[in-house]
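Record features (TrEMBL):
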type	residues	note
TRANSMEM	7-24	transmembrane segment
TRANSMEM	36-62	transmembrane segment
TRANSMEM	83-110	transmembrane segment
TRANSMEM	122-142	transmembrane segment
TRANSMEM	154-173	transmembrane segment
TRANSMEM	185-207	transmembrane segment
TRANSMEM	241-258	transmembrane segment
TRANSMEM	264-289	transmembrane segment
TRANSMEM	310-333	transmembrane segment
TRANSMEM	345-364	transmembrane segment
TRANSMEM	376-396	transmembrane segment
TRANSMEM	402-424	transmembrane segment
């Protein structure tokens, strides 16, 4: 019952995000919707880099410690991570805030639009990325310590805050600060997006300090083991970039080199509809991660049963969802208004990505939480980035939107094929039990 309730909450959260994006597209048209999508993806990419792979390190170690009742190690790892991150984040946050406010003031005084357009988003990204990174770490910590419900409710609250703040900023601050200039619509949306994360991080800190971490200090535990988590940091930082390989790289390239301005918005519409399918599938990835990580701390047979169960579940769900998306796509694009209906054929091509995405979730988690997962995942991510960048630079200037779609589909097929081979090798060669920690 808990699994399905958690699944429902996550789906509701992701569906609300889709509704927000759909309303944005309907309001501003394909060109500005493309700009907003590019800005959001760039912000999330920067936030992923500033997380330094700590969220994956937590997901690797803590479920293994938790299942073996090594609570002191959980507390010790948390302290060590905090000491490492605090000076970096404080410097970026304070510096970014002051510089952001200074640039806004300068823009008012000298009316230099170019200065504002370049500097304001840069510093907005800087402090926005910090709070998004912090929430990613808290979110993973709550999941890893068997507080899945807390994690997903916080995620849902962030989306609700985002929606409310966006409405407030759009109707009250937008006319005053930007004079209802549609060109600055992405700035408005990003501001609401970032402030929602600020609020949810403050709430996460309160929960972590008062309700969860304290009990780990009070538990007795066997002899402490040495945790060399920094060795995995660089590998996981690179590995965490793989979620931006599929759509973000073609999106950035088509914004930069695309022959037609509207192509960015059309490709964003295709990705947003395929992402609607991900909404129903991605919660499985959130819920299965601790099970796969802890399976390595047990034995090979448990890992095999866990992987088979989740692969079959994900594949079955993806077939049903792909069929539903195929039927609903014309209606969604018509609701977007403008010329978004032009993206319909490309949307049908990309339905295959729904199936590849579903299959990739259990496989990627298995690779990530294996003994050498950080190194293996990093090498795979670097390979995928190189392939996608080269393909995008060649195909998008030549084929425009079709080139972006080919890159989007092709890299997903390559990703899955490589992961199947890696997963088989990990199952045959990796250590299990205490040696896996």
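Glycine too: its Cβ is placed from the backbone N, Cα and C atoms.
When Cβ distances are compared across the two stretches, the transmembrane segment (122-142) makes contact with the transmembrane segment (185-207), since 3 or more pairs at least 6 residues apart fall below 8 angstroms.
With Cβ pairs under 8 Å as the measure, the transmembrane segment (264-289) is packed most heavily against 345-364, out of 154-173, 241-258, 310-333, 345-364, 376-396. Listed by sequence, the residues of this chain that lie at least six past the ends of the transmembrane segment (310-333) yet keep a Cβ under 8 A from its Cβ atoms are 22, 269, 273-274, 276-277, 280-281, 284, 288, 291-292, 340-341, 343-344, 347-348, 351, 354-355, 357-359, 361-363. By the Cβ criterion (distance under 8 Å, sequence gap of 6 or more), the transmembrane segment (402-424) is not counted as touching the transmembrane segment (154-173), fewer than 3 such pairs being found.
Between the transmembrane segment (376-396) and the listed ranges 154-173, 241-258, 345-364, the one holding the most Cβ pairs under 8 Å is 241-258.
Within the chain, the transmembrane segment (154-173) has long-range Cβ neighbours (under 8 A, six or more residues past its boundaries) at 9-10, 12-13, 16-17, 20, 135, 138-139, 142, 188-189, 191-193, 195-197, 199-200, 203-204, 207.
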